[in-house]
Structures are given as C-alpha cells and as structure tokens.
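Copied from TrEMBL, the annotated features are:
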BINDING   B:R47  NADP(+) binding site
BINDING   B:R124, B:A125, B:S126, B:G286, B:K301, B:P302, B:T303, B:A304, B:T305, B:R327  FMN binding site
Number of protein chains: 4
Amino acid sequence: MSSSFGHAFRLHTFGESHGGAVGVIIDGCPPRIPLTEKEIQHELDRRRPGQSDIVTPRKESDTCRILSGVQDGQTLGTPIAITVENEDQRPGAYEEMAVKYRPSHADYTYDAKYGIRALSGGGRASARETIGRVAAAAVAKQVLAALAPGIEILSWVKSIHDLEADVDPATVTSEMIESNIVRTGDPVAAEKMIERIKEVRADGNSIGGVVECVVRGVPPGLGEPVFDKLEAELAKAMMSLPATKGFEIGSGFAGTRMTGREHNDPFRMVDGKVRTTSNRSGGIQGGISNGEPIVFRVGFKPTATIMTEQDTVTNDGQDTQLKGRGRHDACVLPRAVPMVDAMAALVICDHLLRQRGQCGL
Amino acid sequence: MSSSFGHAFRLHTFGESHGGAVGVIIDGCPPRIPLTEKEIQHELDRRRPGQSDIVTPRKESDTCRILSGVQDGQTLGTPIAITVENEDQRPGAYEEMAVKYRPSHADYTYDAKYGIRALSGGGRASARETIGRVAAAAVAKQVLAALAPGIEILSWVKSIHDLEADVDPATVTSEMIESNIVRTGDPVAAEKMIERIKEVRADGNSIGGVVECVVRGVPPGLGEPVFDKLEAELAKAMMSLPATKGFEIGSGFAGTRMTGREHNDPFRMVDGKVRTTSNRSGGIQGGISNGEPIVFRVGFKPTATIMTEQDTVTNDGQDTQLKGRGRHDACVLPRAVPMVDAMAALVICDHLLRQRGQCGL
Amino acid sequence: MSSSFGHAFRLHTFGESHGGAVGVIIDGCPPRIPLTEKEIQHELDRRRPGQSDIVTPRKESDTCRILSGVQDGQTLGTPIAITVENEDQRPGAYEEMAVKYRPSHADYTYDAKYGIRALSGGGRASARETIGRVAAAAVAKQVLAALAPGIEILSWVKSIHDLEADVDPATVTSEMIESNIVRTGDPVAAEKMIERIKEVRADGNSIGGVVECVVRGVPPGLGEPVFDKLEAELAKAMMSLPATKGFEIGSGFAGTRMTGREHNDPFRMVDGKVRTTSNRSGGIQGGISNGEPIVFRVGFKPTATIMTEQDTVTNDGQDTQLKGRGRHDACVLPRAVPMVDAMAALVICDHLLRQRGQCGL
Amino acid sequence: MSSSFGHAFRLHTFGESHGGAVGVIIDGCPPRIPLTEKEIQHELDRRRPGQSDIVTPRKESDTCRILSGVQDGQTLGTPIAITVENEDQRPGAYEEMAVKYRPSHADYTYDAKYGIRALSGGGRASARETIGRVAAAAVAKQVLAALAPGIEILSWVKSIHDLEADVDPATVTSEMIESNIVRTGDPVAAEKMIERIKEVRADGNSIGGVVECVVRGVPPGLGEPVFDKLEAELAKAMMSLPATKGFEIGSGFAGTRMTGREHNDPFRMVDGKVRTTSNRSGGIQGGISNGEPIVFRVGFKPTATIMTEQDTVTNDGQDTQLKGRGRHDACVLPRAVPMVDAMAALVICDHLLRQRGQCGL
C-alpha cells in the first residue's frame, strides 16, 4: 500500500514522471462538499514548473481533470479521481541516465528493489509524483473549510543554504508568502535567497533549505495515541516528500538543550479557554492537538541533479562519471512550500474525520 | 487503528500505566521462528524502571508472559500475545493530578479528545505504553536474525542537554553502549552526562537530549515509495515515541546548509558491490535502502514532570499551580535507547516481509 | 492482518485453544460507553461449553478479565484488552491427532501453510477462537445501545439436519429463542431438534444446520459501496466463523428462481417514512441499509470430529485410520447462535462509526 | 476505504456510470510481470454490453488505457492505473429516475447515506463499476501465471431461473463455456436459457440465476485464519458484486442436511501427495486451501430494472409509479461470469502474495 495515505480521508496516487498521466483517487471524502477543478488547479499551479525564473523552466500546464465523484460542483461521497496528463516528455535527455545511476537519486535503489525502473525521467521518484498529493489536498482544504472553518495552513521558506528568514508563525499571511517567488514571509531575505539560487544555478550547483509550517485554528482533540500521534503522522507525511532530511515540531532539536523548567508550557485560562502561555509543544501534547498553533519545520537537501561531472557506476557494475542534463530546480524550496501545505492539509483532514468517527465532533 | 503499527509484521498494543496490564499482539509473524520469553524479557529489562541510579526508582519487575502463538520455543505463524501485569500502583500519588492538568503532559488533550481520561498515572501517554513496542521488537529481532542475518541495530545517547558524545556509527558496539548506565558510546561523555542528570534531578528539574541509531547490514531494496518511504516510516515510528521533538536522517538539518556538489554521495564499485564513498543519504535513497548503514537521530524533550511549582489550570477551568510528585526520570534518554532500537527493528522487519511479499527476497 | 476485523471499530483476536489464554483487543471504541465485565460475561456464557446437555460437556468457566481501556465502568476511548484464561487442557486426548490429520479439519492445511501447527487441540481453528469475537461484540452492543438505540440483533436455529423451524423474523423475541436449549424460536421444532442431536451423538455421528439472523431498527445509510457493501461485510463475517458453508441474504438462492416482477420490493410512504411493502432485499439495497429488517441465513456443516473410524493420512505421508476422541459438539448450531449475533453486531457497529466519520449521523 | 480491495495485491476503483471515466489503480503488483493493454482488453470485452443479442444493446467500446506502472510490456512494481472513458451517455433516459426511486435499486439508499446521488445512471451502483475489478483481475491473472503457473479459474452459468445446467467442475473448459452466449458448460441447457431470457425480456420482465466457479491448481496453504479465511474473502468478494443474494462453497447449504459421516472428506496419499477422496470442503479447510479444486456458487437476483409499471416513491416523499426505461440486461448472468472470474482471481492473487510475505513460497 505504498502509494496510499490516510485512514478516513484516504488517497491513492499513481504515475511516473514520463508515463501517460499522473493522478490520485480520494476515497472517504464527505458528500456535498463544494468542489470544482478550479480549486484543484489553483494548488497545482503553485507547484508547477516554469512558474518563475528560479525554478525549472520545464513547460507543463499540469491541467487537472476530475473523472468521478463530483456532480454539479458537489462531492458525491464516492471516490474522486483526478488526473493530469504528462506533456513535454523528452526521453532523449535521459538516455545516458538509463545506464548510469545518478548519485543520491533513486535510480540504483529502484533497480535493487524491483529489478526494473522507469528509464525515462525519475519515475515515481520524480517530484512530479507530488501532483496527486497536491490535488488531493485541494479537496481536503474544501472539506476543512466546510467542517472546521477557521483552520489556516501556511508554509514558507524558513532558510535556504545559510540564509535565514525572519518570519513570525503567529502573524505571517498567505499574501506575505506569495508576494515573492521564493515563498518566504521575509521580503529582505527573499531578495538574498533569489540571488543565491541564481548564483548556485549559474555554477551548475544546487542548494537546500528548510520550510516552516503553521496550522492555526485546529480544534483541540485531533491526533490518536499511540502510533498515530499527530506529530508522528505529520513527520511521516513530510518525510515522504522527495528530498526531505529532517522534521522537527515546536521547540524541535533546540528543545533537547533546554531544561524542563524552561521548556514546559504553562496553562492559563484565557477567555474561558484552556491556553498555554508559550508553545514549545508546537500545538501538540501527547500526540493530540491542544488548540495552539501547530508549528513544525522540514529540512530539504540540495537537489541531487547538478550540472557537474560526478563519480558514479553503470547498471552493469562499471565505475564511470555522469554530468546532469535536462532542466531541473537548482533549489526545490519554492516549489516545496505548496507540497508541505498539502501534506499538512491531508493529515489534519484525515484526523478530523477520524475524530468525528470515534468521538463525534 | 491508533494502536496498530506495521503492515506485514503488525502489532497492536494496549494498556494504561495503572490498569490491569499492558501488552501487545503481533500478527503476521513468520512461522518456525525461535522465540521464548527469555529474548523478550532481555529487551524489557533494558527499558525497565529502577535499573540504575539515574532513572526512576519505580519498582516494577515488568515480567512478560506469552499467551499465544508460540509452541515449544517456535512461533506458529498465528498471533503472538504478550502481557506484562502492572504493579506498584499508588493512585495516592496522583490525586492532585486528577484535577490539575500537568503542563506539557497529555492530561488536557486526552480530556479534550475523549471527554474522559485515566485519572491515575499517565494512561496511554505513560512511557509504560512502550512495553508493548519493546516486546514486539524482541520478536522482530528474532525474525530478522532468521531471515536476514547480519542486520545490526544499535542506538546510543548522542547528546544530553548541551553535552555531546563522540561516537562513530561505523564502529560502535553494543558492549560500548551498555558499558555505562547512560548508554552512550563515549565513556568520557558518559561520566559528565551522569553527573549532569544527578545535578538536574537534585534541583527538581529535568533535561532532554538526542539518541542516534545505526542499522548496519540492511540489504538494498527495503522501503516503499511513495508514502511508505523507509525514512518516512522511521520518522513516524520515532515521533510516535513519548517526548520526541525531532527526527533527522543522514546529513539531516545540517545537510540543508550544503550544496549538491558537497552533499551527493558518489557511487563506486567495491568488491563487486555498488557502494557510496560517503553516506549523507543515511543509507536510504528515494525511500529505499541502498545497502549503506542507515543512520538517524531522534530528539527528546526534557521530562515534563518536574518537582517545581508551575502554573496550570484545573479541569473545571480555574488557574492554579502544580508541583510534580511521584517518581519520574529526570532524563529519559538512557531508557529511550532501547525504545529507539525497538522501533527501528519493527520498521525494518515489516519492510523485509513487505519486500518478500511483493518482490521476493 | 488475518486476525483483525473492522475498520473504525476494530478488533484483534489471539489465542490457541490450549495455549495460555485467548482474547481480543478492541481499538477505536468510542469513549464514555458504559462497560463492565458483566456485559461481556453474559455473552461468553451463551457460547460456553457445558451449558446444556446437547453441547460438549467440556468444563470451562470462560471467565473474562478486562485489562485496559475501561475506568469506573466507562470506556476511555483507548484499546480495550479482554482475556480468558484456558482451563481443562488435556493434551493426552490429542496425542494421536498430533500425527494423524483429522478429516475435514484444519490440521493438514495449517501444516501446509505454516510448516507447523498447534499439536494440542484445534489451535486457532478451534471454536474457542470465537471467544474474542463474542467478547468484542458485547462491547459493540454497548456502543450501539448508546449511539443508535433501538437496534435489535436476534439469531436462532432455522434448521438442523432436515428439521425446519417455523420462525417469523418480524416478531421473534430473545425470550422465545432462549426458552429452549437448541436456541430456535419454534418450541415444537425445538423438541425434535434436541431429540435428533441426542440420537446422532449416541450414534457417534454429527449434524449441521442453518442459523437465521434479523437485525431490526438499523437506520438507513449504513454500508459502503462498492467492496464494503453491508451484505459483503456480513458475508465475510459469517463465513469467517468455523464450519460455515454458505451465506444468503433476503430472498437468497430462492430469489434466483424468481422474476424481477415478483422479486422487486415496491416503495411506499408509511408514517412519512420511505418503506418497502416486501423485503426480498433483506434490508440492504446497493450495499446500503434501507431501514427494513436485515435478514440473512448462515449454513453450518456437520461437526467434523465424529466418534467413528475414518480414512486419513499421517503427517509423514502414510495412509491410516482415525477415530475421534475427546469431548465435542455433535451439533454446533446451539452455540453458533451467539457467534452469529456477535459478528452481526461487529459489522453494524463498525459501519455506524464509519458512517459517522464520513457523513455524520 | 469502501472502494479498495485486497491487502498485498490491492486495488482502488473509481467512477460513476455516466461520469468522465471509470477505472482502477493496482498497488502492490510484483515487478517484471508481462502486461499490455491487450490482456486487459480481452477481459473487458467479455463483460462489455452489446456483445450478444441476449445482453443490453448499449454500445460502449470500453477501451482501456494504462496510465502508469508499465514500461515496454512489463510491470514496474509501481501503481498501475487503468482508465476506461465513458461513452453513450444519455441523461435523457434518466430524468424520471432523478426524482423517482427505482424499486430494489440503490437510488433511495444512496440518498439516505450521502444526501446526494448521481442522478444520471446508476452511479457507483451501476454494473459499469465492475470494469475496474475486471481490469485489475486481468493483471492478477498475469501475476498468477508468472508466480503460480497451473492455476485455472473458470466460471459458468449453473442455473437461470429454474433451468439447471449440468456441468462438471473437474472437466469443464473455457472453450465449452465460451461456446455459447449464455456462458454455461452445458450446450443443451444453453439453448433453453437463451430462449428463456428472450421470452422474459419480450415480456418486459427479468430473471436471475446462479454462477458456479472452480479454481483448479491452487497450491495448499493459501488463506489466513481467522477473519481472512479464503472462503470468507471469496464470500465478501462475490457478495460485493451487484445483484448478488447468496454464496456457498463446496457442499454449501445442501451440506447442512448431511451427517458428519457423509460429509467429511477422507484423506488418502496419491502420487505422494495428500489428497481427499471427496471434495465437500470445496478445496478449503479451516480457511486455508488444501490443494483440491476450490468450488463455489454465487446467486444473482433478477435484474431490478424492468419495463413494467411498479409502485415507488419520489425523493420528496410522494407515492407514485415508475416504469423502467433505457437499455438493460433482462438477465445479468452471462455478463456476471467474467465478474465472478475476476473476483476469484483477485482473491487468489492477493493471498498468494500474502503467503509469500509471511511464509515464503
């Protein structure tokens, strides 16, 4: 079930980067939720290649089509299938990679696992795989808007290489994030980051960074002990995204250097609600949301495909060299932002329905 | 399915800290695997309270009993149920906590989710819940020894508070780790860490730290794209452990500050095998093991229960104060080591059987 | 996941007939449901051996113990573990069966599948395995009583061998069924059936029969297209019971001999409700309950263990003979009734929670 | 997960009868299995409307397209998505049914469950939904041919209305079944059945019947106690097909009228193999295959849509009448045969991979 995610709000994705199409089936979606291709296309356009001059210039319209589960702009409660046809396939660009394993790519491991792999493009290991997730998340956001209005999911670039952005999770807005092509909430850092990405790309190199995400307005009570703790589900969701190397919530690794006296979040009654006066817990305690903003960070490695000669081996066991070709992102962070948004929406929506099933809302 | 973990090698845990018993059912275990209570008890003893003078002095023998699935020291292929009776219950120590929410504990969130919670002890949120995981992992290790001999899983304390241990994942041994009660591979750091834990405890405070884990000898090909990537499954497994705040694999968050040229792991043929000359990937590429050691780190926050007056609220919405009582670990790290071992073993065993099912071994 | 059943209300059973204990974990049970060992014991007593002089005289008290998930008579929303210790183990009675495969038993197939089997008793293939199901169903009935009051589940012996009982699913009561030890709603047939069972047993032979079940008061809307149709889930539930050979719902196989004009259930408005004037659909249309009584039948084969010499083979491939020993039911029907009740309750409860999760109630 | 089936070989279907397309994703398929659209189209053509003059004349080519998971005629081990575009949509034919509930259809229950339903055609309750199953089964058959050659799955019409066919499960061949448009192994009965279907159709009425299926060459050891017994999985698979009313295996309901002495299958050694000299078990004992032919029967009700005025109600609660329109099968049996084949193939393939995962092959 490697391509399925979620228990109550469940998605099943498919598609190689250079096959006929990529897509997703969403099963378990509540009925009578407003949904058209417009909401889905909006999210797909945020992850699309060619959207700005710091991402891959690949030209793909990524136009979605709803095949089932929706009638006259409303969900039927039955499986929603969404497909995006593949375009701009240039197998030519990949001939060399069919015999040489790209360093730090999935070429070798797919061969080791399956004894076969998609020879053109990255197959399932391509970032193109995330189209299904993003499309499903657009549906999840419609469900959240209908069943738990007020939930707000925002992700932004927190750092690129050694450049840190100064963004306040409590006040950052979608407008601030989308106001710059690098998708950070700090306009000053944005300029530096864009410059850095262009420098690195010109050098045939690549860089990584960190995406931060806040989910505001989550009601207390979401998340399930013991294995499906909300932070565990978020960790899996984020670490299933291509190129991720780390996940931390609330105080994260820095919290391991604090004492309990410094780290604990005191409770206080505010407007008749149980609140905490600090949020080192990151909005989750014992695996269950406590009503405070859920805040976490996801680390992305530098893009593996670089325009530089590197040592590698052939699929018949010969040492050789390989230099990247084709059109790739020198930095995935700007396009990773909508992917992090998407996975967060999927986890929250799934747990909202699970909570309604077991405990009622 | 909040208390179930794994697809092919599947466990289901149960038990509150102060109920009748805690335990686990393991379903899908291969038949004819050597297994007795001895192997299970060995692992349980490593996580037991009262095992040294830097952990909670709670006296619990944690004696396991196999109820099913095993005959004459061999697994039957049917569900293996293992229970550990609860002892040393002193509800008295918890009366105050029944009405006052412990800061940074799950008391409030369980009430918010279920409208009820175990009033004595931490219920499912207690570290006692991990007994079922550790018992199941002892079985998983027997399966690995039988089906994939040579796999070695080792975890150790990498840091406590601001004290770092110097341990080489390539050469550290079980003996080195178990040679000191803090369970690190660095004898010098061990002394300092033990001292620090005692100081902090004497001060009625607590501290956290980082556990590092290496899995050596994993065959290439384990892990499933897209959502069940091996690092995603490990992340969920680790972040489902109590008190965890972060997970990183290979280069982790530090890797986000490198360039692709620095970060990529070149391939070379060594003794006819495809190997990498560096391991910033942490043994996993595209979600699938590549045969190199799998290396990851897990961050644990300082213990929430401290012997210090803190601000909190009552379950009827009054501001109040609470000072911790009862016997608790001032630092969970030494006991977290076998828990990290356990979750790693469960993930690897599950994916070994999944791989055999889909692709054969 | 061979010993797991249900999606939202999920159970995991364990236990060989002659191991330490049998039992079940229930995960996903709503919180704050009234529950004590009393309700569970009541159902277990209905399936217990030795309860009347037409069932096996085996003496087992089958006393249940709740290990977790319940506090002061209320469910916590966490996993509920229930165990029943095994008693009265007489391996002696099974020595011969350790080497000779009992005809129409699972001895040979367990060896073929696992290469090992429980040598004493029927292992997981023993009717004793159903204790976990019946215990879980007692919990399910408490959930139904709380969330959907008015649902009534009644099963009875419809036929034994060639003896048919005349029972009206619309009016039969629990009292009528429990008024005779064979558990049928027809007192006249009951006498004949009891007599027949005693004759057959005296002859060292065995007989089978059919159990009929009605579920009254199910709200419209339960059941999920396409694979989890309510009748499909009931069919699996019933065919997973030991010794079952067939399942039919509503008109069943007899319906295949009717024309559409005879078979269709016309709709009429009655007291403002959509009702059908006949119920050949058996309360389910398109896999979803329509509010009419759900009526189905389950066929049970004659008990395989008979006190007669039969041809069989040894586990080392020699032709031989075997004559049954030990104490067995000559007819499982009276004890099958509570098992059918139980599986029906589990399916309805699971789908009630699934419906609440996706669509609300 | 109402539209998912299988654990190891897992499918997810989607599609309303009159939406954009219907289809399926298959996840968990072994890699390097020969597969092209040809094998899939062959099975789809067997279930297609308009294939003979006793089935619905609806004209739909049902042309399949593989979107992913296959490269150069071989499976990649990644999800295989298959779609079939919908054609010949004539919403006009359904206007009346948008407000009037068709008796013994799913119109009312879908409204009761979801509060909305596909107004044109049968939505997910249409037989068109089975396209995804049949396509997935074509893949399953390729897997079986590769991993367990010699398995043969054959289904045929055993009875229509009161007409019984005389077919020997041990010797019937695909050629015999496909030699007549009604798909039975008895040429004499075939003529009578064809005639009966035409008579009934001319009368604006419909009839049902029974499909029998044999699976020959299944190795011993498939099927999992206790809930996923092979017969339980087959029962669910078959009862999830539209219009099914009953399932029985081996001796079935007739077996409930036999004594144990008559019913038990004696074991004998034949050519060094453990065999039974009779097969009232239907090839499954204790939920696990015993190597004998698996034989079961599935009852189908008469088609609900008839060209006769019937009592029904409107979706706003008024009593009314409705006469069927559109083009429908007067008897689904000939087209049900490939559906039963398909579900049997899916169950066997899933359990073959599950067995390989837990026990090896």
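Placement of Cβ uses the backbone N, Cα and C atoms for every residue, glycine included.
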Those binding-site residues listed as B:S126, B:T303, B:T305, and which of them has the most Cβ atoms within 10 Å of its own Cβ: B:T303
FMN site span - longest C-alpha distance across B:R124, B:A125, B:S126, B:G286, B:K301, B:P302, B:T303, B:A304, B:T305, B:R327, in Å: 44
Shortest C-alpha distance to B:R47 (NADP(+) binding site) - which of the binding-site residues B:R124, B:S126, B:T303, B:T305: B:S126
Other C-beta atoms that fall within 10 angstroms of the C-beta of B:K301 (FMN binding site): 27
Binding-site residues near chain C, Cβ-Cβ under 8 Å, from B:R47, B:S126, B:K301, B:T303, B:T305: none
Protein Cβ atoms within 10 Å of B:R47 (NADP(+) binding site), excluding its own: 24
Cβ contacts of B:R124 (FMN binding site) (under 8 Å, same chain, 6 or more positions away): B:S3, B:G15, B:E16, B:Y110, B:A118
